[in-house]
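**Student:** Below is the structure I would like to discuss, written out as structure tokens.
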């Protein structure tokens, strides 16, 4: 019998690329850590406003951050919840990391005004690529499930109005900024994406 094609992305914090990066500690120099300001001597509370597959949130939590994940798509939220529990049961080390992760279901534009954090990260569905190879299967399946994020400008505005000291937007390296986005404080560039960093005074 032919194998049925998957219609949902795999969310896995134990095996695959996430597990390898964790076991090999390959993420210690990741640009996201620089963008958020996280370091071994500086623990932060980070809100991941677009949790998706949870990979960035897990990386941050594995490096000591306390992370609140917000996911508005019910199917993706359910996949994340299941993966978090599977990782929690895998080992004490993973359980300690998962213990620093809190998953919320809802629209970040609504939830952010009710929350406080040191950093808010935003990694929306990026504009479709037109001159590159097909995106990896997991991201393609995620895009098929959640669709586009036309409201990224509204989400960025909500984050910049929230009680936090820094907002980090992950965006394609050479893509134009989202509509109405103001100039970031600085940028950290990777090979295919950049992190637009907005450093701002706390409201309290």
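Glycine is no exception: its Cβ is also placed from the backbone N, Cα and C atoms.
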**Student:** Among 118, 123, 151, which residue does Swiss-Prot annotate as binding S-adenosyl-L-methionine at the site that also has 55, 56, 71, 72?
**Tutor:** 123
**Student:** What number of additional C-beta atoms lies within 10 angstroms of the C-beta atom of residue 71 (S-adenosyl-L-methionine binding site)?
**Tutor:** 27
**Student:** For residue 71 (S-adenosyl-L-methionine binding site), which DSSP three-state class applies?
**Tutor:** strand
**Student:** Among 55, 72, the binding-site residues in question, whose Cβ has the most other Cβ atoms within 10 Å in this structure?
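**Tutor:** When each Cβ's neighbours within 10 Å are tallied, 55 tops the list.
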**Student:** Should residue 55 (S-adenosyl-L-methionine binding site) be counted as helix, strand, or coil on the basis of DSSP?
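**Tutor:** DSSP assigns residue 55 (S-adenosyl-L-methionine binding site) to helix.
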**Student:** Return one of helix, strand or coil for residue 123 (S-adenosyl-L-methionine binding site), based on DSSP.
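**Tutor:** In three-state terms, residue 123 (S-adenosyl-L-methionine binding site) counts as coil.
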